[in-house]
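Q: Dropping a structure here in structure tokens format, bear with me for questions.
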Amino acid sequence: MEESASVDSVESLCSSTTTRSDRSSGPKVSDTELRSKGRPIEKMYKDPSKGELPLLPVELVQESAKDVTYICPFIGPIRGSLTVTNYRLFFRCTDREPVFGLDLPLGVLSRVEKIGAATGRGDVSYGLACKDMRNLRFVHKEPDDSLKKSVFEVLMKFAFPVSNNMSLFAFEYKQVFPENGWKVYDPLAECKRQGLPNESWRISKLNDHYELCDSYPATLVVPVTITDDELRRVSSFRAKGRIPVLSWIHPESQAAVVRSSQPMVGQNGRRCKEDEKLLQAIMDANAQSHKLFIFDARPSVNAAANKMKGGGFESEDAYQNAELVFLDIHNIHVMRESLRKLKEVVYPNIEESHWLSNLESTHWLEHIKLILAGALRIADKVESGKTSVVVHCSDGWDRTAQLTSLALIMLDSHYRTIRGFQILVEKEWLSFGHRFQQRVGHGDKNHTDVDRSPIFLQFIDCVWQMTRQFPAAFEFNEYFLITILDHLYSCLFGTFLCNSEQQRLKEEIPKRTVSLWSFVNSQLEEFVNPLYVHYSSHVLFPTVGIRHLQLWVSYYIRWNPRMRPQEPVHQRYKELLAKRAELQKRVEELQREVSSRTASSSSERAGSPTRSITPVQTFV
């Protein structure tokens, strides 16, 4: 799809800048830091061209087979050798020039199954369905030794360790990096950055042991006028005990972004005076507005249907001065089906003659548009309307996380830096209980599980859409986003394991596994956007009309060699960064030279009339 030439749209708001204090905790990544940053003690991957398999520490070969045929959908059958370790699958064909290879973390696999009848007697053919938009197929002979396990059995065992009562590879991987990524996010430090606590908001310890809500973080920010006893009663009224708590506060207007789950009003319109008091306190904490907007992510029909199950939505009669808005974002099942259709359209081959109609039939970009449009409405109410908002869906851990995190990226430039984005993911997704284990299915062979859904993928896709519209507003590049998605599935790091903060602490994830951010922060130069310009007060209002959105080809169609750029984009980024550093150094040298000459000239002309010199500003 081609990018539309038009920039503005009646459906959306244009980008704007507001005068605002800088909350960024720490400077952006400097060129000096990039040059001096320490690298990992051991590289993650060695050079595979020397014949040896590039194994990680504690990665062990479990099975290998020669004379295996990979049925490549792009260039036809390729014969080579296949090796399965406790972490990944290698396929190598050394008869081709250049050497052909596949390197697939087993965590990426969603399904492994024997398929059809192979071409020859004694042959076995099996297909691998992947979570990263690929499907792979291999054919090889069964082992002669009946006691020897087949590659298929080994794959089933190590691709789905949870189903086989085994540990994920992340618990074995012990690579040491210069920085501990588990310390990236400190909730109290993030509160302090936002100016919390203050006269209107307090930090509650009520959930320190996860007794109030086991899917919420230990640190909660709530209005000062609400007691802990009242919070307990609110907890019994909100689905899964997920009470309204602060996500972000505007540094000037004090307008707040608050998240929760649906109220359990049921068919009889049950009310909770403590819940009503809490939402009134949220409104009162913002002196600039006497109104509160409640954004329900669901279609109104779905929200009404939830009343049959005891759920529902806030009545405007019960919540004075509150306005309810439905954002029409569909549930996890609709999103899962949409991604399935998208995979059929983009892999392995694209039907050129029906590309646009086929893409439209998946409704993928329509869903992306609705998520972005919802986040934009939230950001606009907070920034332009100076009004506090409450955001929820049903349980408050899927669509709610998408909306709050995207709105925060639009509102706060700190979250558009590399480290700020890491904090955002840790805060809005991990600490607030997005169910990564259920939605991704780490190590679980039950590929038909109805709890699986690409919720986090959609969020990253929305971020990518914004980086296209505001190429200088984000410190990170596209490769950063793709790396996060690759390791969402890889099970190499512990970052995306489990369903909640409580579960991760119970499983001792920070002690027993390595954080993805340890790896990322050890090689920041790989992920820096050379076009980035730091403006602390810049608020982003992206254009969300469907004609301004694009399919993320570099992610969804990256396995098709016809769609692959001749040179990796992130390699060009690195070259641009090096050139920028070189030019910046030259500018500094010239400025020192000009200053030296000016000082020398001034001393020579002491006592004589002086000329005013207009300084020349240079931008690199």
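Each residue's number is its place along the chain shown, starting with 1.
Placement of Cβ uses the backbone N, Cα and C atoms for every residue, glycine included.
I grabbed these lines from Swiss-Prot:
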COMPBIAS  1-14  compositional bias 'Polar residues'
REGION    1-48  region 'Disordered'
COMPBIAS  20-48  compositional bias 'Basic and acidic residues'
DOMAIN    39-116  domain 'GRAM'
DOMAIN    181-556  domain 'Myotubularin phosphatase'
ACT_SITE  Cys393  active site, phosphocysteine intermediate
REGION    590-620  region 'Disordered'
COMPBIAS  596-612  compositional bias 'Low complexity'
Q: List every residue in the same chain as Cys393 (active site, phosphocysteine intermediate), at least 6 positions away in sequence, whose Cβ is under 8 Å from its Cβ.
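A: Result: Ser261, Gln262, Asp296, Ala297, Arg298, Ile329, Arg399, Thr400.
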Q: Would you list the DSSP helix, strand and coil counts for the residues of the domain 'GRAM' (39-116)?
A: 6 helix, 40 strand, 32 coil
Q: Could you tell me the mean pLDDT the prediction assigns to the domain 'GRAM' (39-116)?
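A: Result for the domain 'GRAM' (39-116): average pLDDT 84.
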